[in-house]
Amino acid sequence: MMGNLNRTSSARVASKSVMLFYPLINVSILVLVLNINVVSGYNQLHIGGIFPINGKGGWQGGQACMPAAKLALQDVNEKEDLLPGFNLTLHSNDSECEPGLGASVMYNLLYNAPQKLMLLAGCSTVCTTVAEAAKMWNLVVLCYGASSPALSDRSRFPTLFRTHPSATVHNPTRIKLMQKFGWSRVAILQQAEEVFISTVEDLETRCKDAGIEIVTRQSFLSDPTDAVRNLRRQDARIIVGLFYVVAARRVLCEMYKQQLYGRAYVWFFIGWYEDNWYEVNLRNENISCTKEQMRMAAQGHLTTEALMWNQNNQKTISGMSSEDFRERLNAALIVEGYDINHNRYPEGYQEAPLAYDAVWSVALAFNKTMQKLKEMNVGKNLKDFTYTDKEIANTIYAAMNSTQFLGVSGWVAFSSQGDRIALTQIEQMIDGQYYKLGYYDTQADNLTWFDKEKWDGGKVPQDRTIVRRVLRTVSLPLFICMSTVSSCGILVAIALIVFNIWHRHRRVIQSSHPVCNTIMLFGVIICLVSVILLGIDGQFVTADNYPKICQARTWILSMGFTLAYGAMFSKVWRVHRFTTKTKTDPKKKVEPWKLYTMVTGLLAVDLVILLTWQIQDPLQRRLETFPLEDPISSNDDVKIRPELEHCESHNNSVWLGVIYGFKGLILVFGLFLAYETRSLKVKQINDSRYVGMSIYNVVVLCLITAPVAMVIASQQDASFAFVALAVIFCCFLSMLLIFVPKVIEVLRHPKDKVESKFSNETGISKEDEERYQKLVTENDDLQKLIAQKEDKIRILKQRLTEKESAVKSGHPQPSDTHATNAQFNNNQLTVAAASGVTQDLRDERI
């Protein structure tokens, strides 16, 4: 501490007082250096200074601010028209940016002579403690290095002023930059200190007003590891960092480890760090990253800071420009032992002009106070101030509140909250150097931009991973292929309908119920149309029209299945019914209307279910989302979010259960009937065997397709191909089995009305039927004749047995024996002949 004392006795008293109170307040370091400049007629105005210099955490800006304050004292005391007759003296000590130690230093300054007129303080936490307590002593506190927004509370800090702008002055600038670059999603990483908590609260309010989303807010005490990891988990890209420089180095190292730097990330740091802050004290602070790694992580970050150096090369109130002051300060720091020539600046170098102008603010306020007291003619002088004198304290407060001047830090003025009014400067770290990008005037809402920003990759980073929603659709070649095959099937079905109608007079067609065949073919056409609808998705229709396609698919596939399968089912049902009835009436015919009624009934059940479904719970478009994927080739920060369209209703599983249950019962029953009639031939339905074979194939394919399609529903190509192939195969196979034999027969016998060859395989012609009936009658007559002959044979055998017994007893009758043998032989021949005729009749019938 330097000072100028006019009286040696006063110096001795002050020294003794300090030594007396030193053990009481337990201050570890208390150095009192007196620089006595005895000037006759000069009085001393004493102020107290609290500078953070040798701490291990927080802001140790007193390293550069203390020399700057000394320069200001020298310049103030040399100015003859300022504080005439008085000399300004500073008494100071180190607070280490610790609130407790700062309070101890304050009490030491207050309770040790001489009387202090004002207090200077730095570091937000210390200023908070000092300013809150100083009002009890009617002392004005001027903070040269405190940015906490909490200090703007006049009810809590009624006597506080500060040449350092509030940290909230950065927030409008940050918001302006976010809007300029189109960032609407940011994250916040803060150290758990009041200054940063208050700043974040103000930033959150401003972000909300500006429509900017804060995706996450992470805080830490000393170790930022977990907080930085959480930023990565939250996909934070634009990050506002609020912490002291010691914590900033730890954050930067963790940024490197977590790869939260480079082209995809933008960090906002506080601008009052020293230019080389990221590569100093790494070993002392146990930072595990190298200087090169720290440089890589720091590349491209932005800083915002209130202007602390006058940007115009003009003379200030001290007679110096900001560059003149820089040269003097550098020289003073070199004397203090700092390697300024190699850019090794002490902490607080950026804030040094604020400390310099703070001393000038005190001098100007004291000068105005003396003039005011003289005008008031109250018989008091500034030197008469005591800690209970509210009148002089209020005068000092009013003088400080109205102080305005051009200092080396720019225009110095205070708001009604005691805050410094200042512009904000924006800088960017480019290739290890800070470059000015522009300035922002909060009051005028004016951004001056130099267009010097430089981004890794040549473009502005995005505020989030761009998620491109890509709709998974059926492969176009696959869709075209299936549609082509289905179209061919439709043409074949139409041709068969024409064939069926054109040759309806032919017995081979008449005996297979041509109307049922036509119904089946219409069902096949509808099923093949549904294949095309199954492949129509978001690449062909809009999201609004997609539900209509969903409804059409369900209706068409269900109705087509009922028509095609129902026609075949009705045929095999009639075959089963015909063969299980009494066979006493071989001429019984199948009535066609019963076949059509069964198809109509099945169709009616379908209509009821589908109408109820559509009215009560219609199908809607639902998107299934998949995990993010990397694009195949893109330099942008892009992820792909695959989406797949589904047709679902609220109670989709219930309706599917009803549909599958109904269709499943019909399928199982049809399978049973087809198995029961697998070897039967009925002349009234000449293609019953082929119909049964078709039902077998339909049942098997449906039982396989339904569960597999549900399992692979998320694979659009596989699902479409599997279902489409199943439908196509069923349709083609049914047409092949039922119509190919008919077509072949018609082609072989275009004019043959008997169609005997086909009838031997599938039915009986009219001529054969008449012959068959005649043979049956003859067969009955022969059966009766055989029965009579067999009775005679039995009698003759009995007689032969008796004769043989008589011969053995010695009473043979040769003539009778010969006669009996002859008659027996004749009967045997008759029976044999009758048996042969009967066998011929059986063979003929078969």
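For all residues, glycine too, the Cβ spot is worked out from N, Cα and C.
What TrEMBL records for 20-42 (among others) is transmembrane segment.
Taken from TrEMBL, the feature transmembrane segment applies to 476-502 (among others). Sequence-remote contacts of a segment are chain residues at least 6 beyond its ends whose Cβ falls under 8 Å from one of its Cβ atoms, and for the transmembrane segment (476-502) they are 509, 514, 517-518, 521-522, 524-525, 528-529, 531-532, 535, 539, 717, 720-721, 724-725, 728, 731-732, 735, 739, 742-743, 746.
Per TrEMBL, domain 'G-protein coupled receptors family 3 profile' is recorded for 485-762.
According to TrEMBL, the feature transmembrane segment maps to 514-536 (among others). The list of residues near the transmembrane segment (514-536) in space but at least 6 beyond its ends in sequence, with Cβ under 8 angstroms from a Cβ of it, reads 474, 478-479, 482-483, 486-487, 489-490, 493-494, 496-497, 500-501, 504, 549, 552-553, 556-557, 559-568, 570-571, 592, 595-596, 599, 720, 723-724, 727-728, 730-731, 734-735, 738-739.
The annotation transmembrane segment is assigned in TrEMBL to 556-574 (among others).
As annotated by TrEMBL, transmembrane segment applies to 595-615 (among others).
Feature annotation from TrEMBL assigns transmembrane segment to 654-675 (among others). Taking Cβ pairs closer than 8 Å, the transmembrane segment (654-675) reaches residues 558, 561, 565-566, 568-569, 572-573, 575-576, 602, 605-606, 609, 613, 617, 691-693, 695-696, 698-699, 702-703, 706 in its own chain, all 6 or more past its ends.
Among residues of the same chain six or more beyond the transmembrane segment (695-714), those with a C-beta under 8 A of the stretch's C-beta atoms are 565, 568-569, 572, 624, 626, 644, 646, 660, 663, 667-668, 670-671, 673-674, 722-723, 726, 729-730, 733-734. The transmembrane segment annotation in TrEMBL covers 695-714 (among others).
What TrEMBL records for 720-740 (among others) is transmembrane segment.
Annotation source TrEMBL lists coiled coil at 765-806.
Proximity of distant same-chain residues to the transmembrane segment (595-615), defined by a Cβ-Cβ separation under 8 Å and at least 6 residues beyond the stretch ends, is recorded for 513, 515-516, 519, 551, 554-555, 558-559, 562-563, 566-567, 569-571, 573-574, 649, 655, 658-659, 662, 666.
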